[in-house]
Amino acid sequence: MRGARLTGALLALAGLLQVALSLRIAAFNIRTFGETKMSNDTLSNYIVQILNRYDIALIQEVRDSHLTAVGKLLDRLNQDDPNTYHFVVSEPLGRNNYKERYLFVFRPDQVSLLDSYQYNDGCEPCGNDTFSREPAIVKFSSPFTQVKEFAIVPLHAAPSDALAEIDSLYDVYLDVQQKWDMEDIMLMGDFNAGCSYVTSSQWPSIRLRRNPAFWWLIPDTADTTVKSTHCAYDRIVVAGTLLQEAVVPDSAVPFDFQAAYGLNDQTAEAISDHYPVEVTLM
């Protein structure tokens, strides 16, 4: 009996160590994330609950010119410990008066932010820029995973330009490679990479897709939308041997928060029209 208890304790300890020695990373398009959403107790409670699942989370569609909502979000995430989460946020991005930010929240006891930069995609006033919201790239290090340093390239693609923007992520990848002399790069976000925005006949023209160096972890058959549509808009793509080897098999999935929390359609859709997509690194 004593031996059985010891075995059980060791198995439990091994499970805790596996959790501690891994990173869960997500990309979440929180539709129109701003002060209105963070002022709604019900919605903000669920958003915080979702984000607490992750060691690094990319939040897209941040509509918060003065970072008031971002401040409220960090206060909620850090309500028990002021150092639970840190953040890095881009400048407002967009070709017209409509602007969004990329926001990363991360656990500093799990990862360290090493560097960040805004990708230069051309002259916006001249009309020859590539992206509606050019990627704001970050570099992290972690002592707990097989890959010690990696970069994350975020993208919330404009639906009408999704094909061109996804293809141009290849150029961003090359830029990150050269700037930081690194191979282990994760590209993630709401690419609008499905249904009518990118059709099956168009995929072969996308460099990021046809190059075998890139692993697309969220398949075309996935559904990352909350509504009745079935579209794999949100994706995670990884490049680099160490990063690819660190991916826990079958861990890359959409997180269906509606099913997980037993929400009705109205509440789920008020949180967002997208599910987060997530992956675990070991």
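Positions of Cβ are set from backbone N, Cα and C atoms, glycine also.
Looking at the candidates CYS126, CYS195, Swiss-Prot gives CYS126 as the cysteine bonded to CYS123 by a disulfide. When the Cα atoms are compared, CYS195 (disulfide bond) and HIS156 (active site) turn out to be 16 Å apart. If you take the Cα of CYS123 (disulfide bond) and the Cα of HIS156 (active site), they are about 19 angstrom apart, rounded to a whole number. There are 15 other Cβ atoms within 10 Å of the Cβ belonging to CYS195 (disulfide bond).
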